[in-house]
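Look at Swiss-Prot and you will find 10-93 tagged as domain 'Toprim'. What Swiss-Prot records for GLU16, ASP62 is Mg(2+) 1 binding site. Per Swiss-Prot, Mg(2+) 2 binding site is recorded for ASP62, ASP64.
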Amino acid sequence: MNENDKMKIKEVIVVEGKDDTKRIQMAVNADTLETRGSAISDETLDQIEDLYDKRGVIVFTDPDFSGEKIRKIITEAVPGVKHAFLTKHDAAPSHKGSLGVEHASPEAIREALAHLYTEVPDGEPLISREDLAVAGLTSGPQAKEYRRRLGEYLRIGYTNGKQLYKRLKLFQITPDELKKALEYIKNEDNY
């Protein structure tokens, strides 16, 4: 695929490192900003805020603890950024190593960028904690597995029970979206 055929991304994509940048640029025509780890400097946060005001920002970090930490730091400093998520499967290395954007296929990257979420920090919860409990997502023998599958299906990343409520609220996932996802993830034939 030549440069002219690649999907063009207007926003700046925030990634963790230079290998992530290389992989993103194989998949799409986009500018990136690298955090160079989870200890994000005030200068980098200022750059992200400036880019958000001028072009918009997409946070695209690894589906691991460090990636979630970076995502949280940026979200708190610059509310309203967009988020792209890879599944752990899509970010797995072919041999040894840790999960990372740098291991994802161009197709997986384009798919993640096609399903962006924008935070609504002050949004009203559309789904209650009780809804999550009744669905078996916060307790019970299958809760962890159901949350993993739900995170993959909705492309919002893996969360624990408490984080799930916050993330569904943050991204304004509707009861209908949750119901459709639950029907899919609880069908063992899909996994």
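Cβ coordinates are placed from backbone N, Cα and C, and glycine is handled just like the others.
These numbers come from a predicted model, not from an experiment.
Features recorded in Swiss-Prot, as mapped to the structure shown.
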{"residue": "GLU16", "record": "Mg(2+) 1 binding site", "CB count, 10 Å": "23"}
{"residue": "ASP62", "record": "Mg(2+) 1 binding site", "CB count, 10 Å": "24"}
{"residue": "ASP64", "record": "Mg(2+) 2 binding site", "CB count, 10 Å": "16"}
Message = For the C-alpha pair, I'd like the distance in angstrom between ASP64 (Mg(2+) 2 binding site) and GLU16 (Mg(2+) 1 binding site), rounded off.
response = 12
Ask   = What mean pLDDT score does the domain 'Toprim' (10-93) have in the model?
value = 96
